[in-house]
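Annotated in Swiss-Prot:
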- Cys43-Cys57: disulfide bond (DISULFID)
- Cys50-Cys61: disulfide bond (DISULFID)
- Cys56-Cys65: disulfide bond (DISULFID)
- 1-24: signal peptide (SIGNAL)
Amino acid sequence: MKLTCVLIAAVLLLAVCQLDSADATAYMRKDPSLRSPKRTRGCKTKGTWCWASRECCLKDCLFVCVY
């Protein structure tokens with residue numbers, strides 16, 4: 001029973017952290033100056049060809065980086 005409670009608490013904590021990081025990502029998309037230089041090093045900019053979202057600076061890929 002204690003193990004179940006601990007596991008439920010851990011899952012809830014992870015869910016809250018995921019929501020918090022998603023909000024931060026959306027906030028940084030609105031203001032690109034908030035992104036760290038390390039995060040954008042080597043990423044592709046708007047209009048460049050991409051195969052996966054992780055290649056783009058803001059992680060939006062539809063054959064080309066959207067942002």
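Glycine is no exception: its Cβ is also placed from the backbone N, Cα and C atoms.
Positions of the features from Swiss-Prot, shown on the structure.
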| residue | record | Cβ within 10 Å |
| --- | --- | --- |
| Cys43 | disulfide bond | 16 |
| Cys50 | disulfide bond | 19 |
| Cys56 | disulfide bond | 21 |
| Cys57 | disulfide bond | 19 |
| Cys61 | disulfide bond | 19 |
| Cys65 | disulfide bond | 21 |
Alpha-carbon distance [Cys43 (disulfide bond); Cys61 (disulfide bond)] in Å:
12
Calculate the distance in Å between the alpha carbons (Cα) of Cys43 (disulfide bond) and Cys65 (disulfide bond), and round it to a whole number.
10
